[in-house]
Amino acid sequence: MLNIYKVIPVLTIIYLIIVPIYSLNIICPITKIKGVQLVEKSKKASLDGRKTTSRKTTSRSKTTLYNLDRIDTAKMRYDGFYTYPTSAGEGVNVYILDTGVRMTHDEFKDRIKLGGVFCDECEDGDDVYGHGTHVAGTIAGTTYGVAKLANIINVRVGDDNGIFDLIAITKGVNYVINAHQHDENKNSVINMSFHLEYSEAMIKLVEECTNNGIHVAVSAGNSYIDACSVTPAAASSVITVAASDRSDIMANFSNYGSCVNISAPGVDILSSFIESDTDSEYLDGTSMSSPHVAGTIALYISTFGNLPPSDMSNAITSLATKNIINEIPDNNDIYLLRVPQ
């Protein structure tokens, strides 16, 4: 007899069926049931960040943040300013699937809300690990952010130790898709700064997002291997982001390969953190690179209007700087992110 622990609806036509480990002997019969697309063991995700030591059409803010200074120009010219469209991502909803966010942080003011909490043993959306708060700051913080007026939706899928699995991710993605479908505002972006071993279920999840018109930016991973071997980076429907440093050199930890769409700063990135409402921290990782792209998508939408996800990927790539990143392991050119002007 099949002992089903839980059935979770994912949209109206997809269901996640969870069975206890001792019921794995019934996996083969499950695969023969009409309508079952795949059966897969739940996987743990790894975070991709780590600690390290007239009418104007653009805004210009003084900054000491090299990462923002770098992505507003093609050539490496640090002038101490970040130039970006005055629309600044206004009216765009950026969903952050992560360890939660310190929602009282001064960087976010009244532009943040809790979407949902989907990890086991997580009491609320507050971030005690720090990763999600840092990511949110890079996307849309008033000081540290690429898109300083974008809306932030906190979708917590990671626990207090920075651990989350495919089940929590599935529930989080399900929430985002349903929220997008029922919102008149269809300007939606997801950031996923994590990876797990290759998963067809994860591929299908992000494809469902893009099929619904939701843009998905993901980290390439920090294992210095082919990004096509991990998900969601391997999915063709997402924008997969590698990491580079302040000298336009590929980070020595960043994944690479044909599944990478673009590179963004991911070394010594200063952003919001969790010890207080003014706290900040330097982190490294492709986790820090992906939020730059999520923010850039928000800038593009608020400036030029929305596009289908595949067209948005092409638009972001066309803005990027070619033949600029050095020391790429497989010698395939990876473009450097540049924000619209």
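Glycine residues also receive a Cβ, built from the backbone N, Cα and C atoms like all the rest.
Look at TrEMBL and you will find 7-27 tagged as transmembrane segment. The domain 'Peptidase S8/S53' annotation in TrEMBL covers 89-323. Look at TrEMBL and you will find Asp98, His131, Ser287 tagged as active site, charge relay system.
Here the domain 'Peptidase S8/S53' (89-323) returns a mean pLDDT of 97 for the predicted model.
Note on the active-site residues Asp98, His131, Ser287: the fewest other CB atoms within 10 A surround the CB of His131. It is 7 Å from the Cα atom of Asp98 (active site, charge relay system) to that of His131 (active site, charge relay system). Comparing Ser287 (active site, charge relay system) with His131 (active site, charge relay system), their Cα atoms are 8 Å apart once rounded. When secondary structure is read from DSSP and collapsed to three states, Ser287 (active site, charge relay system) falls in the helix class.
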